[in-house]
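The block underneath contains the structure these notes are about, expressed in structure tokens.
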Amino acid sequence: MSRTPWKSQPCEMVQPSGGPAGDQDVLGEESSLGKPTMLHLPSEQGAPETFQRCLEENQELRDAIRQSNQMLRERCEELQRFQGSQREEKEFLMQKFCEARRLVERLSLEKLELRRQREQALQEVELLKTCQQQMAEDKASVKAQVTSLLGELQESQSRLEAATKERQALESRVRATSEQVRQLENEREALQQQHSVQVDQLRLQSQSMEAALRMERQAASEEKRKLAQLQVAYHQLFQEYDNHIKSSVVSSERNRGLQLEDLKQQLQQAEEALVAKQEVIDKLKEEAEQHKIVMETVPVLKAQADIYKADFQAERQAREQLAERKELLQEQLEQLQREYSRLKTSCQESARIEDMRKRHVEVSQPTLPPAPAHHSFHPALPSQRRSPPEEPPNFCCPKCQYQAPDMDTLQIHVMECIE
């Protein structure tokens, strides 16, 4: 740090009032150091009064010179003390100026860090938007799979109805066959001796017919069992989906909550830095006001004060820009929160559809066995076994257990319930 040159104030020497020119030639002068000079006497001797007066004036001159030297020394010491105090004040001001500059640099770094964090948050928003688009596409594919699943369910229901109708037809044929068997039994009682061989053949045919009937009943029972398993799988699918949605929502909210807490903490740190900076600036401003009178006497310090004032104005503008930046970041934070809420809702919907699609794929892997071949048979011997009573079809929603009157109503309700 270069030292500021000081201009010493001129100190005027006290000049004693001298006598006439002839007296100055007679008496000698004393220098500023107080050394007496040779006294030159004229060739002619003066009166005693004149000599006495010259001695008195010489003594007065010496006293005046001594007083002038003493005042000059005091002035010099005072000037040195003043220069030392001014130098200390200058060093103090330069130290404060360096501290303010370091504070400005630190705030600039914090500003760059906040800008980087904002860019990172924008990148995360873009990534979430991309995920949302992907989930929308997955949602469309899942809807298509649900539609195909409902078509398969309707097809299996149609097959079950066809099997039920075939079973009813078989039971009708069995009843007709039973009537014929009773008639043959009456004839057998009359013609037992004559048609023993035919009776044995008819008995064999009756046994084969009973076996075919048992196979048909087993096939119908298997169809009912598969339908019940499909309904249970649907119910379990939606229960697992609800559990998965709850766990995913809790984890997503926890992660977003941590990110929001980090952003709020960063904003609070920025506010505290701005408050501390304002306090430092106010303190420096008060100190500048206190030293304003002294700085007016020193041109170099005045120029430095002008530079400091310009830096202060720049600092104020930077503080205002930081305040505007803070408001902008607050608005962006609120916008990100709204975007997060919207994306969270979309993610929940997409996760629900994705989980349902996975469950549908797992459930739809075991294919339904083909319907058993219907064996044609001829009337045979009577049978004592009767078929169990027919069970009505159960059109039940696997999610809310809604009982539908028919298959079309169930299909419409399942689509609405899933959406």
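The backbone N, Cα and C atoms fix where each Cβ goes, glycine too.
Features reported for this protein in Swiss-Prot:
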- 1-197: region 'Required for interaction with and ubiquitination by MARCHF2' (REGION)
- 1-46: region 'Disordered' (REGION)
- SER31: phosphoserine (MOD_RES)
- SER43: phosphoserine (MOD_RES)
- SER68: phosphoserine (MOD_RES)
- SER85: phosphoserine (MOD_RES)
- 100-353: coiled coil (COILED)
- LYS111: ubiquitin cross-link (CROSSLNK)
- LYS139: ubiquitin cross-link (CROSSLNK)
- LYS143: ubiquitin cross-link (CROSSLNK)
- 150-257: region 'Interaction with TANK' (REGION)
- 246-365: region 'Self-association' (REGION)
- LYS264: ubiquitin cross-link (CROSSLNK)
- LYS277: SUMO cross-link (CROSSLNK)
- LYS285: ubiquitin cross-link (CROSSLNK)
- LYS292: ubiquitin cross-link (CROSSLNK)
- LYS302: ubiquitin cross-link (CROSSLNK)
- LYS309: SUMO cross-link (CROSSLNK)
- LYS309: ubiquitin cross-link (CROSSLNK)
- LYS326: ubiquitin cross-link (CROSSLNK)
- 363-394: region 'Disordered' (REGION)
- SER376: phosphoserine (MOD_RES)
- SER387: phosphoserine (MOD_RES)
- CYS397, CYS400, HIS413, CYS417: Zn(2+) binding site (BINDING)
- LYS399: ubiquitin cross-link (CROSSLNK)
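Sequence features, as recorded in Swiss-Prot, placed on the structure.
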residue: SER68; record: phosphoserine; DSSP class: helix
residue: LYS111; record: ubiquitin cross-link; DSSP class: helix
residue: LYS139; record: ubiquitin cross-link; DSSP class: helix
residue: LYS264; record: ubiquitin cross-link; DSSP class: helix
residue: LYS277; record: SUMO cross-link; DSSP class: helix
residue: LYS285; record: ubiquitin cross-link; DSSP class: helix
residue: LYS399; record: ubiquitin cross-link; DSSP class: coil
residue: HIS413; record: Zn(2+) binding site; DSSP class: helix
Among CYS397, CYS400, HIS413, CYS417, which are recorded as binding-site residues, the nearest neighbour of SER68 (phosphoserine) by Cα: CYS417
CYS400 (Zn(2+) binding site), number of other Cβ atoms within 10 Å: 11
DSSP helix/strand/coil residue counts for the region 'Interaction with TANK' (150-257): 103 helix, 0 strand, 5 coil
Sequence-distant neighbours of LYS264 (ubiquitin cross-link) in its chain (C-beta under 8 A, six or more apart): LEU333
Using Cα positions only, nearest of the recorded positions to CYS400 (Zn(2+) binding site) (SER85, LYS111, LYS139, LYS143, LYS285): LYS143
Of LYS111, LYS139, LYS277, LYS309 (the recorded sites), the residue whose Cβ has the fewest other Cβ atoms within 10 Å: LYS309
Spatial neighbours of LYS285 (ubiquitin cross-link) that are distant in sequence (at least 6 apart) but have CB under 8 A: PHE312
